[in-house]
Amino acid sequence: MDTFRKWLNKPKADDKSLLARFYHADRSLTAVASELDSFDGRAEPDRCTRLVSRLRQNQDKVLAITNLIMEELLGEERDPRAFRAKFPEEVLQENLAGQLWFGAECLAAGSSILNRESESKEMRPLAQAVTKSLSNVRVLLRDQCLRNNVPNSKTLHLDFNDSTTEQLYESLKIFDHLFAEFELSYVSAMVQVKSRHEYEMQQWIGVLFSETLQRALKIGLLDQDMVDAFDPGLMFSIPRLAIVAGLVIYAKGPLNMDMPGDELSEMFRPFRTILIKIRDLLRNLSKQELYQLEKLLCTNEEINTKVPLGYSSIEAPSPEPNSSNNHNNNNSNSSDSGSAKTSTTSPHKAVERLVDHRNNNNSSSCSASAATQAVARSPSMLSLSAGSTPTASPAPSPTPSHSIASTSSAATTSTNPPANWSEDDDDDDEEREDDEEECGMLDSDEQDLNDDSDSDVDEYIEAQLKAIVAAADCASGYLIPNTNLGNLLQPQTAPLTDNFVASEDDEFGAEQEQEQQQRQREEQLQPSSEQQEEPSTSAAMLAARRTLQRLRLPSSSSENEQTTGSNQQSTIKTPNGGGQPMRSGSQRQRHHSHHHHHRHHHHHHHHRQHHHQQQHQPAQAEQHSHHHHHQTHPHRTSRSARKRCSQEHWESTTAEQQQTIDHGHGLASADTSNASSFSDDVSLAMRNTTARLKFKSTENLLHRLFVCIAGVADQLQTNFASDLRQILRSVFLINMSSSQEDIDIPEKTKESELFEFRASENDVIQESAGSNQSIYSAEEVNPELDNVFNMGNGNGGGTNAARHSAGAAMQRNNTIDLSGGGYNNNNNNNNNSGSSSSSNSSTVARSHVARSRSLGDQEAATSGTLQEEQRQQQQQQQAQLQLQMQRQRNNSVGSNSPSSSSSSSSSSEHNSPISTRSGSRRRLHSNSASMPSIGSTATTAAATAAATATTTTSATTTTTTTTMSPPAWIPDGKAPRCMSCQTPFTAFRRRHHCRNCGGVFCGVCSNASAPLPKYGLTKAVRVCRECYVREVRSSRTQAHSQASRPQAASAS
């Protein structure tokens, strides 16, 4: 019985129904599997390889058709496959199902995945269940092919009351569940699949990218047009900006480096070490520097930082006459008394920031003493912080690092350069340097502290000052190039270069200048230096006090302004109490020179800074030269001698500072818990600033930050290309300015709607009313009523023109009544002048139809104009007829003019897009319709001449080939199914656009290719089957007509 059913109901090879396609694919798979089992694969490896390739192709085909059947039968009951979102993009291929089936059979047969033995052992039972379930499904589907197959049916026609159909339904559900489970297990074993947490972290990274893009658009780093145009440069700019924003702007987001490493996204986990160091540097940048860095990351332009690195970021108070000297502004004019205009960085402001809090909380005598000591040191502090310090922030900085740090560094004394220290001293000094110079992390809004809060921590501050000031002698400050942290920005896992920090050549050059300047200062030591140590120590203590208190207690800007105003007078008074506004320039310069006796670890540009000041301060030039140029000793001090001198001087300075602290303030006990937490805050803030102190200038810092950030972001393009593409695609779609207009899928209900109108030579306007290259658009023409589709009518060109005009009027919702006399006249003239006059009069009719439409359907004017111009056209056509008859006679004696004309016409019509569908059959038909009317008055030669005239006219009107714009593509989201076979698209069945109609089709329905010269596409491109049939058929018909026309003309 089964044999009979198989013989009777066997699907034919051309049957396109799902069951028939499955039947033939399954038979092909069975044949290949049988051939594989028939020989030893080890004996014939080449044949075995070919058969295995065919086997996998057939498995793909069988599973693809099975998937379509399950999609139709199960529908929403299919097992969900949301886990595919976690798969890499490279895994989701069309042949994934075949790979899974092949892997399941291998595992079921006892094989194991390479280096995945444990996972293979776990998956083996599941693989056996999958292969067994799939075999059962194949048997049931083959049975359904022989029972319920309907030839060429697009849907399944199963008998749901039959037990075999119910059994097939349940078997498909079981197979679908097992296959989905095996897919997840197998792919997870083969490639790394994200966990739930990692997938959520990737989504947070996408949110960070989107927020970064919106911020960049807001501040003007990027343009909305770049986002709308999907600028490829944004693929590099957005990840770079996201790193900066994630580390600084959104510090608690997915790039929070304080979270454990295993909680960080796997995209940035390999770069955690370098990201922490980048974050520490970014936190010390001002707003202007951060903007310059972000702009550099977007445009790759050169860094242009005109503001010096040590330029103050604190705004000076309102200018007052003779209040300060300007040591930073080169354009200032110095008077004889040394007074100058107040600039952004003034010694008055620097001193005020150091002692205003001290003046608020201590007695009047202590306040005056502190102010005096600070004023005595202010010029040196200013010169270090403003012009020569390579580690402070530029002017707009919200977190200035110049004043406190440079003050405490400038107020310390030392005798030897840091290159002479031992390794242990280097380590200790670096920690002390961190504690001292982290003061620059403080925000300018927190310059003053609350008076009530000061007493709580004052005693502990005094205890901490001793250690900080004692460490200042050996602290290298801003002045040491990077000597120990050679891999400051070098991650352990990211293959970036080592040249991110200062090189040894730069370090050696800095040490040479420091040693030369140190030799000069050592010879300048005077007994008065001991007297200056106490003010130096006091200034350092005050600076450190303000630093520690700012870290502990916040204050408002209003308090800062009040304190500034109340302490301004006490700050600028002299120790004599005489009420002089400030010391003269010579007095200040003496203090400046005394400071240089003790502070040798200053920047190597400091010497040049004094020369620069000398040019603008004539009153101070003599003393400045005296203190710096009277030394003529060229010898070099040995390292051991400098080391001993450094140690001895450090011990003596420590003892003096201890006595000064004990005498001036005294030490008291403080709260241990508060002290420890306070110390942690100080050390943390100071560690953050230490990294910035290693760079010579702002340009150097920004350049190396750019190299590090760009290196990390660009490695994401390589290591996590798939994830980054998905994130960027989502970001672009979210941040587009406006979504595209919805484009509905056109429903092809009528065969005529599949054709586009293309004007023939009869449709060309040849009068002055319009260009001779103009044609009617598709909106103005009804193809069903046009003579392009009217092949069998023999009423002449005038009737076709009338129909076409009427169709155009219907399209435009206008009513155009043309007088019958005009068209009767037209037909009579056609009968008297041949087919050439028929074509031309039809053109005239079209011309006037268009003109009447534009002028408001003026019937009478149209009829009168038609009759007039038809008379003129008749005379011209008669002259042309005589000329063509003469050319025909020349052709009979060997002239090649008509043949060349015919050949040019043929070539031009073949290449012209506007005559693709208006083949020569219609022109010959028009000629044959007009020929009987002139049979009694013309000879056969005249008829041939008329045909040649028509060909010449066609050649004239089609010489200029116009390229049409390609059709708009339907978006992928608007086409869930193939527009031809209605098969739904899946992750394995991808969409393809037809270049001719713009529709969306599957790979089967759009597997043809053909050139489209009408769109300027001379090479073969993808087109759907319908367009291929239509285009190829029309082109072949046209070519055949053009080839037969010269033969007919020569035969006649």
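Cβ coordinates are placed from backbone N, Cα and C, and glycine is handled just like the others.
Quick look at what Swiss-Prot lists:
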type     : residues                         : note
BINDING  : Cys978, Cys981, Cys1002, Cys1005 : Zn(2+) 1 binding site
COMPBIAS : 312-346                          : compositional bias 'Low complexity'
COMPBIAS : 379-392                          : compositional bias 'Low complexity'
COMPBIAS : 400-419                          : compositional bias 'Low complexity'
COMPBIAS : 422-455                          : compositional bias 'Acidic residues'
COMPBIAS : 554-574                          : compositional bias 'Polar residues'
COMPBIAS : 588-614                          : compositional bias 'Basic residues'
COMPBIAS : 625-644                          : compositional bias 'Basic residues'
COMPBIAS : 652-661                          : compositional bias 'Polar residues'
COMPBIAS : 824-842                          : compositional bias 'Low complexity'
COMPBIAS : 872-915                          : compositional bias 'Low complexity'
COMPBIAS : 926-935                          : compositional bias 'Polar residues'
COMPBIAS : 936-963                          : compositional bias 'Low complexity'
MOD_RES  : Ser555                           : phosphoserine
MOD_RES  : Ser556                           : phosphoserine
MOD_RES  : Ser854                           : phosphoserine
REGION   : 311-348                          : region 'Disordered'
REGION   : 379-455                          : region 'Disordered'
REGION   : 506-539                          : region 'Disordered'
REGION   : 551-678                          : region 'Disordered'
REGION   : 814-973                          : region 'Disordered'
Other residues, Cβ within 8 Å of Cys978, Cys981, Cys1002, Cys1005 Cβ centroid (Zn(2+) 1 site): Arg977, Met979, Ser980, Gln982, Thr983, Phe1001, Gly1003, Val1004, Ser1006
Binding-site residues compared (Cys981, Cys1005) - the one with the fewest other Cβ atoms within 10 Å: Cys981
Cys978 (Zn(2+) 1 binding site) CB neighbourhood, other CB atoms within 10 A: 22
Those residues of the chain, 6+ apart, with a Cβ under 8 Å from that of Cys1002 (Zn(2+) 1 binding site): Cys978, Ser980, Cys981, Thr983, Phe985, Arg989, Arg990, Arg991, His992
